[in-house]
Amino acid sequence: MTAQPQVLKIRRPDDWHIHLRDGDMLKTVVPYTSELYGRAIVMPNLAPPVTTVDAAIAYRQRILDAVPTDHDFTPLMTCYLTDSLDPNEVECGFNEGVFTAAKLYPANATTNSSHGVTSIDAIMPVLERMEKLGMPLLVHGEVTHAEIDIFDREARFIETVMEPLRQRLQGLKVVFEHITTKDAAEYVRDGNELLAATITPQHLMFNRNHMLVGGVRPHLYCLPILKRNIHQQALRELVASGFTRAFLGTDSAPHARHRKEASCGCAGCFNAPTALASYATVFDEMGALEHFEAFASINGPRFYGLPLNETFIELERKESQVEESIALTDDTLIPFLAGEIVHWTVKR
């Protein structure tokens, strides 16, 4: 029997999907990411959303101002697609190195998405320009029609939006973000080299029973919502297989405690402090630690055509307790796995 590794030395990872918010929240959460990750794809769903080059430059500077001086971190900015967006603005931002990608939110699919896209036809000129540029499209893959059950919205999106879009623009590079279903896992697996996926720690670790059985656990509530266990297992099997077009994207999405623990609570898990240990645990449980570094540190840069990070970090097989809460100016943040014991710890 092969001895279990006690230390994992991996190339510094990147987070290919994160929400850093703004203001005091931004200042609180950025260091949890900048300490461990070389880069992060920053979501543009602020209020108002990031739709111009100037707005992205200003937001990038606010992020950099929140990075501790001893951290080496590069935020990668994204453009929020709207029905009225000018293709020239997107091209300008991409060519100037301001926009790394553009984000498609179906209108009202998630937090601060009311400005999102009402139909693919409305943004076709932008998407055609992105295809020519080789600029990645990042997709929140859920339909938002009221008659579609929330647990079916991802699968329906594949049929009615994603596949027709990819047939229409066959050279467009697409990241199917935070996939949550067996349907999506199989769709990405069977796709070509222009289609990739990010997967969150919560969707690998948990299913809807964990969120709903024995009481509602609001800090596991995120969008896309946790699905049944067969979908969780499909995601775990995909990453454990060493599939090279799936990579780390935490979708860390902080909300103040009073906005999570409410009669109408917000969607999102603040997992930045615990995500790396969570991913390592999943790969360990699946007997697939040999694929962990590629998922965390290699697959993403290769898909985006970016260089690998040149520094390394180490995780050790060591138990530690996740802090119960994190102070904000006038509230608290509850991290993913608050108060629980994790079995991998980043060596500092």
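FYI, residue positions are counted from 1 along the chain as it appears here.
Placement of Cβ uses the backbone N, Cα and C atoms for every residue, glycine included.
As the structure is a computational prediction, the values presented were derived from the model and not from experiment.
Per Swiss-Prot, the feature active site maps to D251. Applying an 8 A CB threshold to same-chain residues 6+ apart, the list for D251 (active site) reads H17, I18, H19, E177, H178, T198, T200, C222, G268, C269, N271. Following the DSSP three-state reduction, the secondary structure of D251 (active site) is coil.
Annotation source Swiss-Prot lists Zn(2+) 1 binding site at H17, H19, K103, D251.
Here Swiss-Prot flags H19, L20, R21, N45, H140, L223, H255, A267 as substrate binding site.
All protein chains considered, the CB of H140 (substrate binding site) has 25 other CB atoms within 10 Å. The Zn(2+) 2 binding site annotation in Swiss-Prot covers K103, H140, H178.
What Swiss-Prot records for K103 is N6-carboxylysine, and it gives sequence analysis as the kind of evidence. If you take the C-beta of K103 (Zn(2+) 1 binding site) and look for same-chain residues 6 or more apart in sequence within under 8 angstroms, you find M43, P44, N45, T78, C79, Y80, L81, L138, V139, H140.
Look at N45 (substrate binding site): DSSP puts it in coil. Neighbours of H19 (Zn(2+) 1 binding site), defined as other CB atoms within 10 A of its CB across all chains, total 25.
Note on the binding-site residues L20, L223, A267: the fewest other CB atoms within 10 A surround the CB of A267. Taking the mean position of the Cβ atoms of H17, H19, K103, D251 as the Zn(2+) 1 site, the remaining residues of that chain whose Cβ falls within 8 Å of it are I18, I41, V42, M43, N45, L138, E177, H178, G249, A253. Sequence-distant neighbours of H255 (substrate binding site) (same chain, 6+ residues apart, CB-CB distance under 8 A): C266, G268, F270, L333.
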